[in-house]
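Annotated features in TrEMBL:
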type     : residues  : note
REGION   : A:1-248   : region 'Disordered'
COMPBIAS : A:19-33   : compositional bias 'Low complexity'
COMPBIAS : A:59-73   : compositional bias 'Low complexity'
COMPBIAS : A:85-95   : compositional bias 'Pro residues'
COMPBIAS : A:139-148 : compositional bias 'Pro residues'
COMPBIAS : A:170-182 : compositional bias 'Pro residues'
DOMAIN   : A:348-385 : domain 'Zinc finger Sec23/Sec24-type'
DOMAIN   : A:422-658 : domain 'Sec23/Sec24 trunk'
DOMAIN   : A:664-748 : domain 'Sec23/Sec24 beta-sandwich'
DOMAIN   : A:759-862 : domain 'Sec23/Sec24 helical'
DOMAIN   : A:890-945 : domain 'Gelsolin-like'
């Protein structure tokens, strides 16, 4: 490893993190004092540590320094040196049980700060001033030597020795204390600690400071830890005073105190103290310093960035253990992915486990071999890929090899990755032209939008396009380039569907451009007077399948009428409220006719991806239609009661986005990880092609997939676990590519550490997918209970970690990293897909919401679950220009009747006009009819500054996320029932009907946790 | 006596062999699927091809045993028949391509259990055949009416 990316921050980081590994480095800096160090090695260890972290970071680039120090210090050196990523695992065993756990925990960054902090505290404790300096200064100053020297001298006396023992001693206490400590670091209980510890200080004091960062966990308890915590940003906001007592332990968890309602005995939480995710989704940054070459969290997020080392530990983690992958997430403007071509050689991969070359692979034997980071097999470097190693052991061409420095790269796949020539982008449109479709104006908008997107369809000039329409018959259009007018071919035999013209139904867009345009121009008028009410959707689907099966591609279905003819005909269901709450309830959410599943499987097999646009104002059985999208990596768009005047803009934007976004064709995705861990279940829209291969006929940046992993071996012996997501696809340009995301995470032995590195976003994403899947086989109620139960179990386990040392009565504790989990859990239970029962959400909307939530990337899902509520009037009146950036908690109490608020869940805006909102605002924004009922009013720009200001704000919000178009709904306070179903049910913190409010929910959870 | 031998040798023996074979084949395909030697589409269609014949055959055998008064055989095959009926009524009898991996382990376990049942059935049938055959060839006709247990004791 060292060879490979010595320079990389990652490298240094690793070693540093280990308590011991670090030591060597310190040593190096002191090289001048060298002799001393050498002689003292054993006792030294601990002491050495202090400086290490920093030293490491400072020298990060310098591979060599490490070496010298190492020998003196520990057995580990060789290991470390070669392989930064996996460094010291083995060696530590002897000395430091702690090491393993420890090193994982603390990324280098902490050090710098930590180093500094500790010193001060330390000072008081440690009798001998010199020591402190050594400990404290190294960190702050680049030049470790100075501190060191004094230190060394000190070393000889008892103190120096003490550290050593410490190392060994520490472990014992660790087990019990561990949990508390890690977190505590920040705690700075300095004062108490000192006093309480005086006696022991002699031993502990000196060594800890330096060590602390690496060790936190174990020794932690004492003084050292303090520094670290702070950097990690774990600060417990709400944490009460440390209850630890003698030890003066600080808390590393958050807590809420249960109060008693005045006058009664009812306990309650102070609702203003409850945590709320008002900043939206925060991507985890914990590992950035430790593994800087990891891919960005927008591509891959783990529910906890710490893999448990044993099955027993994993079983105590009651939250889902898994990952959420968004392989094609859009990088921010200006950031380009590096595309790597190995031609003429093939892609460099590990021979045994097939892992793609990545930054964590180490090159050895003068660059002729590389060691796979996942399975540790030593592979030969292909001659075309050979490069010498420089003195530090890294490849000389490292800076020209993005695949060795970046967590995310794209490889150009050679011919052996193709089963057929790369397909061109294919778009096929299947449009319902029955009377309700005509009346809603959907056809008009679809035709216009497609026409306007023709220039932007990806893959010019290879793009192919085709159209079919259906009512009680199926109409195909011959769009051969030699024709001037499209030719309509009608198939009316629904029992034995055939394709009238095998070629020419799917044509090359650039060749037939004029015919296609003519067709789109005439399409709306063609069916203007159609009075057909039937829908032969099933047969049409079969016919289209015949047309598309040659190439595959993307099928967009515009569906307005419940399928009523031929195969796949569906009947009205779901209007029977008695079914809810019985064992038959879930059947409503399953496809009614196996035809849809079969078709979906066929589509997937032939690389066809299906997007369903449904528009009906009546029941259209999204549960059945959505199945088509579910297994073909598609998406469901549902516009209930579509009217082109109202919803047209939304359809236009979303269809446009669908047609023009970057799309990966005929893709398969696999996620690999090291031995001992296996991905077992997958959740999202795709079909499994084999046990771990996701077939994605077409996939784009708006789709995320979740998976859960399980431990296969009882004990993991490695220190680091690697995950690699590989998406093999055909780019729109016709090139076959492999997009690879690599991530390294530590393996930990401590449950507290898993909690510390937990990622609420990923957990909520997996939760919601599991819950939605559960609604397909069980009652809604059961799915909601399951969510709550899992949260309770997790918190209970967490509480058990701390209950021993702390008096926790009447307090609810939870990890800082999961402080929003409870609220998101509540929001999930109250989301459209899971809420209430029969009357709370129309069946179609519920199913559509479920389908949507199954594909949403984390960020968007969190926004949907906990939307932003922002006060606008102050901004519009220029009273307070900052107010627009302030998100409010979702509760009625925050709605001032003199205000104007916007509620934005990423899918729609709701503008709420308070009763007392100034008439000036209403008039300016709504025009003359501002007093009229708002359900009819639409928002349009008026000729005044305030209206323009509002439009700018809306535009700004829309630009923040372009995947969906947010239509603006207006509602006035007290306007029932509109206000109720648009806004009030969505204020998740309020109690509503049978639903819990936030503080009740917390109370419920805390009660169950304490049972 | 000849009728008995006919029943066991010509009806029960081939049918239980056939049941055993189809189940074994299905288990094999499922294992292949897990090892990625076959794609789920082919696997599902191959397995599904045999499912209805198997259900019908097994059900017919069970009913035949009931009507011919072979209580032991009937009781032996009854659990499997019930299981089949349950699956069929729930419409879960066919392998669902889209979710095949989700239920792979359960499906295989059920089939292995069925395999064991069929194997027991086959052993019993072979035993009856031997019993029936031996009663014809080695015993006088006076033993014919005796209970089969006597026959077995005779061995």
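Every residue, even glycine, has its Cβ placed from backbone N, Cα and C.
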Range from A:348-385, A:759-862, A:890-945 with most C-beta pairs under 8 A to the domain 'Sec23/Sec24 beta-sandwich' (A:664-748): A:348-385
Secondary structure tally of the domain 'Gelsolin-like' (A:890-945) (DSSP, helix then strand then coil): 12 helix, 11 strand, 33 coil
Counts of helix, strand and coil residues, the domain 'Sec23/Sec24 beta-sandwich' (A:664-748), according to DSSP: 0 helix, 61 strand, 24 coil
Helix, strand and coil counts within the domain 'Sec23/Sec24 helical' (A:759-862) (DSSP): 71 helix, 5 strand, 28 coil
Helix, strand and coil totals (DSSP H, G, I; E, B; other) for the domain 'Zinc finger Sec23/Sec24-type' (A:348-385): 6 helix, 11 strand, 21 coil
Overall pLDDT for the domain 'Zinc finger Sec23/Sec24-type' (A:348-385), taken as the rounded mean: 91
